[in-house]
Amino acid sequence: MIGDGRTDKDRQLDDVRVDYRDTALTTDQGIRVDDTDNSLRPGERGPTLMEDFHFREKITHFDHERIPERVVHARGAAAHGYFEPYDDSLAAFTRAEFLTSPRTRTPVFVRFSTVAGSRGSADTVRDVRGFAVKFYTQQGNFDLVGNNMPVFFIQDGIKFPDFVHAVKPEPHNEIPQASSAHDTLWDFVQLQPETTHMMMWLMSDRALPRSYRMMQGFGVHTFRLVDAEGRGTFVKFHWKPKLGIHSLVWDETQKIAGKDPDFNRRDLWEAIETGNFPEWELGVQLVAEEDEHAFDFDLLDATKIIPEELVPVRPVGRLVLDRNPDNFFAETEQVAFHIGNVVPGIDFTNDPLLQGRLFSYLDTQLIRLGGPNFTQIPINRPLADVRNHHRDGYHQMTIPRGQASYHPNTTGGGCPAVGGPGAYTHFQERVDGHKIRKRSGSFADHYSQATLFWNSMSAWEKEHIVAAFRFELGKVVQTHIREGVVRNLNNVDHDLAALVAAGIGVAAPPAPAVPNHGRTSPALSQAHAPVQSAATRKVAVLVADGADAGQVEAVRAAITTMGAICDVLAPRGGAVRGEGGEAVPVTHALDTMASVLYDAVLVPGGQESARTLSVNGQAVHYVAEAFTHGKAVGALGAGSLLLEAARIGPGPHPGVVVGTTGDIDDFVEAFGTAVAAHRHPERAVDSVPA
Ligand code: HDE
C-alpha cells in the first residue's frame, strides 16, 4: 500500500495503462493513419489491394481477437481491492506475512464466476459461484481459488472431466446452456453418491445469490498453515460477506436471466462505482495436526465440512473491493488463478481433489493464454521480484541480460541465488504407502453431512430445496434417472425423498435402513445468518400523472437515507405531472426495468396516479410479481388501490406495509425494516398470479 490510498499493484498497472484521449490513430507500428473507413483500391469501384497494410493489419488483428474461454468458470466478473489482517494472532500458526502483519494492506484481484455456462451465459442460473482471490503479497502471489459452497461434487480430481462433461450442455445438441436440469448431470449424480451432499447445496438458495456481495466464500479443501519452525496446522478458509448471505428466488432468477443477463456483474460494478465497496471477513477453522483423525469424516475429503459447532470460525481480517477493472479482457479474462500459487506459511494437504487441481490450473493456462509467459501478463505479475532461469517461449516480455540461464553458474556470479531466509520450504509430511488406485474407507459416508445440511434448514429453505429437486428432475427425461436420484435422497431423509418423488411421478421408496440422525448445524442455514440492512437494496417507486409529489420526495429521501437506491418508475420516461402540476422526475420507464430487477416496490399516493396504475396491466403485474417473490411491498394512501388490483388481499402479509398519508415517518420506518429483511419467504403467495 502506498500513501495515496492506491495499492502497489494499482501503481504497477499504471505502467501498462493506456489512455487514447487526445491521441491520433496509428497502426500497430506507430504509423499515423489517414483513413480507416475505406480500404485502398484502384479506382472507386476496384478490388482491395494487398499492399493496404492498414486494412490487413486491422482485419488480421480482429480475426485473432478471441482466446479459448475457461473450460469451466467461463462467465465471470472481477474487481481490485485489498486484504488486511486484524492482528498478528495467526503468527503462532503461519509465517505468511500477509495474514499476520496488521499494518500491511495486500492488493488483491477477485473474480466471481458461474461454473457451467459459457462466457456469454446469464448470471442468475442455478449454479455454484467461483470466488477466486489473487493476493499480490510481498512474498509472491497467493491464490485462494474457492467457491460459494463449502463442499464439492467429487472426492478425487480424476473424476473432474466426467463431472464437467455431465453438467455441461449435452454433447449431441449442446443443450441446455448453463443449466444442471438435464439427463446427463443427474445420471452422473445418481451413479456417484459422493455428489449427494453438494447436490443439496446446489438445490438450495445458495445457488441463486442475490449479489456476489452477499455470498459466502470457502476454500473448500483443508489446507495447511506452517509456522516458522515448520510445524503444520490444518486450516479451512471462509469468507463472510458484510451484507449477509442473501438469495434470489428461483422464478425471479429465471426471469432476470432474460431481462438482465448481466445482473450480478452489473451489481458488482455499480456498487464499486457508487462507493459501496463490497467487504468480506476472512475466517479460519484451525485443527491441530494431532487431531487429524478426531472427526467422523476425513479432513482430506472435499465433500465434507467441519461443522462450525465443532471448530469455530476464527476471524482473521477483511477483504475490500474498491476498484473496477479498466478493461475486461486485459484483466478479468486474462487473470490466471492457480491453486498451486502459495506463499511461505501456506501448504497443501493430500486431499485428492486438491492434488488434482494442482496439476490442472497451470496446464489450462498454457492453452488458454498461449504459452508459458502468461505470468508476465500485467494482471498476473507478482509484486515480488521474479528472477529465474526460465527463458524464451511465446511473447517473452522481459529482456534477461547476461550469459547465465542455468544453475549452478559462475557466468552470472551464481545468481539468482537459491534459498535464503524467505525461501518456500514444503511441509515435511511423512508419506509411506503402496501405489494403489483406491479410495480411503474414511471417504465412504456420502449421506450423513447431506442429512446434516437438510436438518439444519428452516421450513422455507426446505421448501425451496424440494421445489428445486422437483424442477430439475422434472426436466430429466429418463425415468430410471429420476428414480435413481430419489433412491439416493432416501438415504439423506425419507420425507425429502417422498416429497420429491411425489412431484416427479416416481414411487416413494420405503423407509431407509439408516434413519435420519437428527443432528443439526445452525450455521448452515441462511435463515440463521440475517444481516438487517437495507444498504444498496434497490427500491422501485411506481408513479403516474397525478402522483403526490411531496410523498414521492419524502419516500425517496427516506430510502436514500437508509443507504438503499430509489428509482422512480412510470409508464413513460422523463417526468410525470404531480398532483399539484409540478414535474416528478422519472428514473426509468416501467417497460425498461422489470420488478425482478428490484428488491422492493413502493406505491405512493395521489388518487389519479393510483387509479391510472391500477388499470395498467404492467404496473399491476409489477406489484403482484414483487409480492410473489417475497419482496417488501409498500403502499401509501391511494397507492393501495394498486395492491388491490394485484389481488393482494387485505392481509396482514409479512413484508407488506400499507400506510395512510398522515404517518409517513412510521410508514417509512416499517417499510425500511421490511426491505432490510431482504425477502419474506414465509408469505403465502399461491393465490396471486405473476
Ligand atoms: Fe476449478 N478449475 N477445478 N475448482 N476453479 C478452473 O482453471 C479444476 C474446483 C475454481 O476465476 C480451471 O483457469 C479441477 C474446486 C474457480 O479464473 C481449471 C478440479 C473449486 C475457478 C479447473 C476443480 C474450484 C476454477 C478452468 C477438480 C473450489 C475459476 C479455467 C480436481 C474450491 C477461477 C482455469 C477464475 C477454474 C480445474 C475443482 C474453483 C480447468 C481439475 C473444488 C473459482 O483448471
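Each Cβ is built from the backbone N, Cα and C atoms, and glycine gets one as well.
Heads up, TrEMBL stuff is auto-annotated, nobody curated it.
TrEMBL lists 26-415 with the feature domain 'Catalase core'.
Summarising the annotation, TrEMBL assigns heme binding site to ARG70, ARG111, PHE160, ARG357, TYR361, ARG368. The Cβ of ARG357 (heme binding site) has 20 other Cβ atoms within 10 Å, all protein chains considered.
In sequence order, SER113, THR114, VAL115, GLY130, ALA132 are the residues near HIS73 (active site), counting only same-chain partners six or more apart with C-beta under 8 A. HIS73 (active site) falls outside any helix or strand according to DSSP and counts as coil. The feature active site is assigned by TrEMBL to HIS73 (among others).
According to DSSP, ASN147 (active site) is assigned to a strand segment. Annotation for ASN147 (active site): same-chain Cβ neighbours under 8 Å, separated by at least 6 residues, are VAL128, ARG129, GLY130, PHE131, GLY217, PHE218, VAL220. According to TrEMBL, the active site annotation covers ASN147 (among others).
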TODO: Please work out which residue of ARG70, ARG111, ARG368 has the most C-beta neighbours within 10 angstroms of its C-beta, and give that one of the binding-site residues.
DONE: ARG111
Open item on the list: Can you tell me how many other Cβ atoms are located within 10 Å of the Cβ belonging to PHE160 (heme binding site)?
Closed with: 18
- [ ] Grab the pLDDT values for the domain 'Catalase core' (26-415) and give me their mean, rounded.
- [x] 98
